[in-house]
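Some features that TrEMBL has for this protein:
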DOMAIN    18-27  domain 'Uroporphyrinogen decarboxylase (URO-D)'
BINDING   23, 24, 25, 26, 27, 72, 148, 203, 317  substrate binding site
SITE      72  site 'Transition state stabilizer'
DOMAIN    136-152  domain 'Uroporphyrinogen decarboxylase (URO-D)'
Ligand code: CP3
């Protein structure tokens, strides 16, 4: 097994930084569209053979050091009772948004059976990977999943979600506790099914003020992490806003914190406990730029992180769907050729 990723996640020395990219199993690949044109997104997630096909696309095309399960963070919300759909160009939608006590009460927390297709997909993927590289499983953090349940879909300003936590904090805590319970069970199911690492995505945490982040997001992530059966399984905590929240994120005791691109990576690494690795943090927009720029920015980051064990190369957030495939491939080749 290529163990660069697991070694770095546990802050051990490696000959070069490992590389994978958020949203690597997605729309920037022409081969993704060949599959997507035949099925709906949820059909793809729920059919283990298809989820495995998509997971394997970047493994076979890009030579990355870790695979990530093809699924979505919103499947927990669906399993709890959310009426989820994905429409091209619109994004995810919950047709029955959660806004009242009755809505919160109606959500089901004993719903792991509805997510069995994910465990099945993990088993198929592990057969296909055959020990080549580790497989990352994931789930959404309670705050980010809650925001979709409340808004009914994507949001620019999270107005309803913020009103909900500010005006109905007790109800927000009931909802977050329910999502956190399902998320911990779901991640333990993924671990039992065979994933080699876990990433928790709190994509929209940067919308929150420090106190609100602590009360409505961080506390639940800490609770989930403490409940994971994580022996030998590194846990990565990701949020947009990690350049600000990282010291608090560290208190939840993940093995790795995934850092957005607003901060100097070495600087933030040095402000964290030594046993916490960092992942990141190239601005994804660099991958639109000329190849010379891509190479220069990756080398700049690597020169900065030289002699610092516990560094996984990634983007500060996901690959945009219209980034040229060739540029992503080039970036990965630059990483693979780098020698400390
Ligand atoms: O990283 C990977 O490649 C693994 C697969 C993955 C997907 N979604 C596939 C996907 C992962 C890890 C996610 C997580 C996810 N989903 C997040 C957190 C990560 C992040 O990027 O911040 C969020 C916020 C979601 C919710 C979600 N799912 C949105 C907002 C959308 C629509 C985006 C848009 O621009 O329309 C999705 C759909 C989705 N999830 C797609 C993929 C490949 C596109 C579906 C399609 O082909 O139509």
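For all residues, glycine too, the Cβ spot is worked out from N, Cα and C.
Where the annotation comes from TrEMBL, it is an automatic prediction and has not been curated.
In this structure, the recorded positions that sit close to ligand 1, with a C-beta under 6 angstroms from any of its atoms, are 23, 25, 27, 72, chosen from 23, 25, 27, 72, 148. Put simply, residue 317 (substrate binding site) is 15 Å from residue 72 (site 'Transition state stabilizer') when counted between their Cα atoms. Cβ-based neighbour count (10 Å, all protein chains) for residue 27 (substrate binding site) stands at 15.
Cβ neighbour counts within 10 Å, taken over all protein chains shown, single out 317 as the most crowded of the binding-site residues 23, 317. With helix defined as DSSP H, G or I and strand as E or B, the domain 'Uroporphyrinogen decarboxylase (URO-D)' (136-152) counts 10 helix, 5 strand, 2 coil. In the three-state DSSP reading, residue 72 (site 'Transition state stabilizer') counts as coil.
In sequence order, 32, 54, 55, 57, 58, 67, 68, 69, 70 are the residues near residue 25 (substrate binding site), counting only same-chain partners six or more apart with C-beta under 8 A.
Counting every protein chain shown, the Cβ of residue 72 (site 'Transition state stabilizer') has 20 other Cβ atoms within 10 Å.
In sequence order, 74, 77, 92, 94, 154 are the residues near residue 148 (substrate binding site), counting only same-chain partners six or more apart with C-beta under 8 A. Looking just at the domain 'Uroporphyrinogen decarboxylase (URO-D)' (136-152), the mean pLDDT is 98.
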